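All remarks here apply to the structure that follows.
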Amino acid sequence: MADVDVKKAVVLLSGGLDSATVLAIAQAQGFECHTISFDYGQRHRAELIAAERISRVSGAKTHRVMEMNMHAIGGSALTDDSIDVPVSGVEKEMIPVTYVPARNTVFLSYALALAEVLEADDIFIGVNAVDYSGYPDCRPEYIAAYEKMANLATKAGVEGHKMHIQTPLIDLTKAEIIQTGVKLGVDYSQTVSCYQADKNGAACGICDSCRLRKQGFENAGVTDPTIYASNL
């Protein structure tokens with residue numbers, strides 16, 4: 001088969017549960033997947049090791065790690081050492097301190113540039129508006145606006161090669177995401193979700209992300225393979 005017939009996609013891969021599921025979905029849809037991860041100064045750097053491993057084991061065509069210093073900007077518990085990672089439970093009525101200013105816009109822009117170079121029309125990202133309703137850059141209207149911008153601001157878009165921002169998880173609960181991944185053979189023991197995982201990827205068990213992950217497995221009726229430092 002000629003390369004022109006290959007469906008290519010850029011998949012944002014953090015190394016976490018959601019993005020690993022998105023990669024499996026894209027592959028199940030027949031895309032040749034090119035994964036992209038970001039070393040942006042985050043606390044939980046173990047996710048980068050997980051992302052490389054997931055990409056390799058899944059058979060992704062290529063994997064890239066983009067480096068940027070969002071730690072120098074700060075403003076988030078994930079990038080600013082002066083802001084503690086919350087461990088008291090998920091706040092539903094406010095934007096949480098784990099929101100990283102403009103992160104998805106920055107990440108999608110790198111993915112968009114790569115997609116243009118690869119002549120890929122599709123970008124997959126694991127944003128979710130159900131469990132993380134407080135994140136402004138996880139909302140459907142944000143994705144729609146970004147896709148519109150992508151088609152206005154790129155050579156591909158101007159020449160009629162419409163760019164698509166694919167968000168297959170956006171309306172799913174964490175339990176539904178896990179159930180989908182299990183059906184597709186995702187090995188969740190290889191993923192890292194914790195906001196403050198240690199260098200080996202061991203999860204704290206008490207941050208918002210760990211709480212959502214544990215609850216998701218419980219609601220899905222699936223055994224959680226994660227090793228948690230705390231049973232809270």
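Glycine is treated like the rest: Cβ placed from N, Cα and C.
Around the Cβ of T21 (ATP binding site), the same chain contributes G126, L169, I177, I178, T180, G181, L184, V186, each under 8 angstroms and 6 or more positions distant in sequence. Per Swiss-Prot, the feature ATP binding site maps to L13, S14, G15, G16, L17, D18, S19, A20, T21, V22, L23.
Look at C194 (Zn(2+) binding site): DSSP puts it in coil. Same-chain residues at least 6 positions away in sequence with a Cβ under 8 Å from that of C194 (Zn(2+) binding site) are, in sequence order, H44, A46, G201, A202, A203, C204, G205, C207, S209, C210. Feature annotation from Swiss-Prot assigns Zn(2+) binding site to C194, C204, C207, C210.
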Remaining residues near the recorded Zn(2+) site, that is with C-beta within 8 Å of the centroid of the site residues C194, C204, C207, C210: V85, V87, S193, Y195, Q196, A197, A203, G205, I206, D208, S209, R211, Y228
Quick check on the binding-site residues L13, L17, L23, C210: which one has the highest count of other Cβ atoms within 10 Å of its Cβ? L13
According to DSSP, collapsed to three classes, what secondary structure does L17 (ATP binding site) have? helix
List the same-chain residues at least 6 positions away in sequence whose Cβ sits under 8 Å from the Cβ of G15 (ATP binding site), in sequence order, or say none. S37, A46, E47, L48, I49, A50, A51, E52, R53, I54, T191, V192
